[in-house]
Amino acid sequence: MAATVYQRLHSVAVGVGSAAGSAIGSGSASLPGSGTGSGSGIGHAGNTSSSTSSALLSHSQLTRSLERILEEAHFSGELILTNRKLKDFPRTGTKYSLTDTVIADLSRNRFAELPEEVTTFAFLETLLLYHNTIRSIPESVKQLSSLTYLDLRSNQLSSLPREICFLPLQVLLVSNNRLTSLPDELGRLDQTLTDLDASYNQLANLPARLGELRSLRSLSLRSNHLLYLPRELTCLSLISLDVSNNKIASLPLEIRHMSTLVELQLENNPLTSPPASLCMRGLVHVFKFLETQATKDEKGSRSGGNYDGYTTLRRAPRHNSSGNVLEASTTGSTNNQRRHQVDSGYNTSDGLDKRWSHDAPTKSKTDSPLHCVSNSTAATLPRTLPSAVHSQADLMDASLTSSTSTIVDESLTLSPTASPCKLSYAHSNSSSNGSSPDQDDDIMLDHQERTVHHANGRSGKGLGNIQTYKEYKEALKQQRNQEISVYKQKHPNANHSPNDDEDLSPSPPSISNGSSSNTLPKSIMKQNSNQIGHNGNGNGSANGNGVDDVVIPKKPIQKVIPSRITEIKPASTSDIRSANSSDCLGYVKPQSPMKNGTSKFNTSNGGGVQTTVGIVSSTTIKSPVSSTTKLGTVKTHRSVTWNHDIPAEKLSFTMRREFDRQREETELMSQLRTIIETRLKMTLPVDIASALTDGVILCHLANYVRPRSVASIHVPSPGVNKLTMARCRRNVDNFLEACRRIGVDENLICCAADVLEGKGAVQVAITVGELFRLHGNGGCGSGNSSGAATPTKSPTRTTRATMSPTPLA
């Protein structure tokens with residue numbers, strides 16, 4: 001009986017073994033765990049127990065499943081070979097065709113490289129290869145022209161081939177590998193790639209072209225060796241950014257402009273800017289910190305460029321098609337866009353554009369819609385000066401009415417082949433009938449900051465450096481110490497008529513630095529079309545009935561006040577043919593004196609600057625102009641009457657007022673420092689304005705004058721040593737309100753921006769000085785507390801009037 005059962009089991013085992021052998025021989029002989037000797041192995045199992053035969057049955061079932069999977073992939077286009085411990089791709093032979101496979105899942109196997117068979121799937125869109133031992137990817141991967149999803153997580157890749165960057169990938173997952181860098185060609189995926197996961201690698205830096213991935217929305221760089229984030233990264237439109245578990249110490253300030261960012265992971269980084277404690281609060285707090293830091297850096301860059309707290313930075317000049325520099329303020333309506341501010345923070349001119357720093361804008365007159373001189377007129381300029389002195393023409397249209405005048409900086413570009421033209425300027429001051437103008441001498445300007453480089457027969461114009469406010473103050477000191485006069489006046493020629501041609505030889509300039517080139521600053525006064533006709537009604541003629549009234553500044557410094565000019569000397573030039581064409585009149589802004597400059601001209605206040613001032617030609621105006629004609633200013637609602645009765649000794653009034661203002665500012669800042677350090681028993685840094693921006697010290701000062709005048713003061717916490725902008729504003733508002741309640745005059749109270757922006761330290765000093773003056777008069781504090789504040793009233797009002805942006809009469 002037992003022998004019969006044994007024979008039956010043996011026959012079943014042999015049958016199974018032969019079936020398995022035939023299945024393997026049909027195309028699966030290379031699969032791991034199977035072989036051609038399976039039949040003999042099963043035959044040997046006939047001598048074992050029944051449990052061995054059941055294991056062989058399960059292995060036979062697995063073999064059938066692999067064949068079934070290949071068959072399903074042949075019909076459906078989905079190849080699922082996950083978790084089969086495969087080291088090689090199964091050979092399908094000619095029985096199954098997988099070239100039209102769309103999805104291939106080869107994850108959780110033992111592939112050492114991407115199988116070559118997979119790279120032949122031209123229609124493959126999704127390829128999953130995670131949890132393998134892949135060390136390399138063949139170059140043939142570029143044949144997968146339809147691949148959009150590639151998962152290479154948890155492999156052993158040390159680098160990615162550049163061919164991957166030529167695929168239309170939308171999702172690229174390469175986390176948990178050994179990558180030390182990403183391919184530089186990653187920017188080629190800018191149109192398609194939306195998700196990039198390179199976490200848990202060994203990346204020390206990121207490719208520069210990463211910022212070109214404009215379609216990228218999710219970027220994970222967790223657990224790498226990154227020391228910083230490149231600025232190119234901030235150009236992306238990311239929604240999620242994960243840079244946690246790296247070595248990043250600071251974030252780029254530009255990251256605050258990533259408006260699309262929703263999720264930002266920064267934990268486990270040695271961050272100092274922003275602090276790690278602040279990063280835990282969320283994205284909004286990080287962006288606020290970076291915004292504040294950027295504002296402070298901008299202020300620091302201004303101070304590093306020798307700009308004081310009142311300096312107004314100007315736009316960089318832009319170039320037109322002809323290569324000339326165009327001032328940004330000359331575009332559009334010049335009446336509305338003319339700037340009235342000056343760099344020192346106050347304005348003492350009567351609307352004319354006189355600034356501490358000269359931008360020296362140059363502009364082709366043919367490109368300007370406001371220019372009234374034709375090319376034929378400009379061609380008549382004589383070229384008689386020697387080639388050692390290169391000058392640029394200042395052209396100015398005389399203005400009769402203040403409501404229609406404007407000033408445009410402009411220069412005359414000389415032809416490269418033409419020799420430099422001789423510029424002789426005529427000062428015309430017509431009488432009531434416009435028939436007897438006088439004549440004055442020409443004055444040459446040796447400009448120390450703008451030169452014209454001449455080489456190989458070509459002359460080029462160089463843009464001078466911007467003269468800062470500090471340099472201007474140094475120039476004033478030099479001018480005060482020098483005893484050389486600036487101008488020399490000649491007797492007028494009463495027999496000169498506006499249309500006479502008379503040669504006036506300019507005085508030779510003294511070039512201290514040995515330069516063979518010289519450039520003159522440009523300024524053109526334009527007149528509105530309703531005052532001067534351009535089509536015949538206002539053109540100049542030989543027998544015109546009027547001449548222009550042109551005022552030439554007689555001061556060697558930049559700030560020129562028309563009412564301080566003593567007299568106006570008319571003159572004309574013979575070098576300009578203006579009989580049948582309308583020309584423009586111009587003047588040159590005086591510049592700061594040079595250290596070694598010498599002059600042949602004398603005036604009462606002295607100085608070392610040489611100035612060339614004059615008029616190219618005169619334009620005929622219909623109505624006669626008297627010597628007291630009001631010239632138009634930039635502000636159309638103001639008019640200025642020229643005063644010719646001021647004595648010459650008062651010409652230095654502006655300079656004296658400048659010194660007085662500087663002295664008063666120094667006294668006010670010293671007084672502010674003394675008040676704070678003596679009352680609050682603390683030491684202030686050199687930059688007082690930055691120490692007052694949070695308003696804490698000012699609130700304590702208000703409470704010192706009147707206890708509990710500021711009920712609550714926001715102070716920085718130990719973890720975060722700086723207040724938010726909202727709390728700083730609240731402190732400053734509380735201080736200003738306390739000043740009003742104590743009785744400080746509203747006109748002497750600074751505004752919140754003076755404190756928060758750190759630009760109005762003088763206004764803050766005025767407010768604090770007035771506060772303690774009231775404190776001393778009221779007897780609220782100690783007797784000696786008002787000692788430093790008593791002299792505040794007079795200089796305070798004087799300084800505020802001087803600092804006012806409205807022009808002084």
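Each Cβ is built from the backbone N, Cα and C atoms, and glycine gets one as well.
Feature annotations, reproduced from Swiss-Prot:
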REGION    27-53  region 'Disordered'
COMPBIAS  34-44  compositional bias 'Gly residues'
REPEAT    72-96  repeat 'LRR 1'
REPEAT    98-121  repeat 'LRR 2'
REPEAT    122-144  repeat 'LRR 3'
REPEAT    145-168  repeat 'LRR 4'
REPEAT    170-189  repeat 'LRR 5'
REPEAT    191-213  repeat 'LRR 6'
REPEAT    214-236  repeat 'LRR 7'
REPEAT    238-258  repeat 'LRR 8'
REPEAT    260-282  repeat 'LRR 9'
REGION    295-373  region 'Disordered'
COMPBIAS  319-336  compositional bias 'Polar residues'
COMPBIAS  351-368  compositional bias 'Basic and acidic residues'
REGION    423-442  region 'Disordered'
REGION    490-550  region 'Disordered'
COMPBIAS  518-532  compositional bias 'Polar residues'
DOMAIN    662-776  domain 'Calponin-homology (CH)'
REGION    783-809  region 'Disordered'
COMPBIAS  788-809  compositional bias 'Polar residues'
What average pLDDT does the predicted model assign to the repeat 'LRR 3' (122-144)?
92
Within the repeat 'LRR 1' (72-96), how many residues are helix, strand or coil going by DSSP?
5 helix, 3 strand, 17 coil
Let's see if you can do this one: DSSP helix, strand and coil counts over the repeat 'LRR 7' (214-236), in that order.
5 helix, 3 strand, 15 coil
Taking a Cβ cut-off under 8 Å, which residues six or more beyond the ends of the repeat 'LRR 5' (170-189) line up next to it in the same chain?
130, 148-162, 164, 195-213, 215, 220
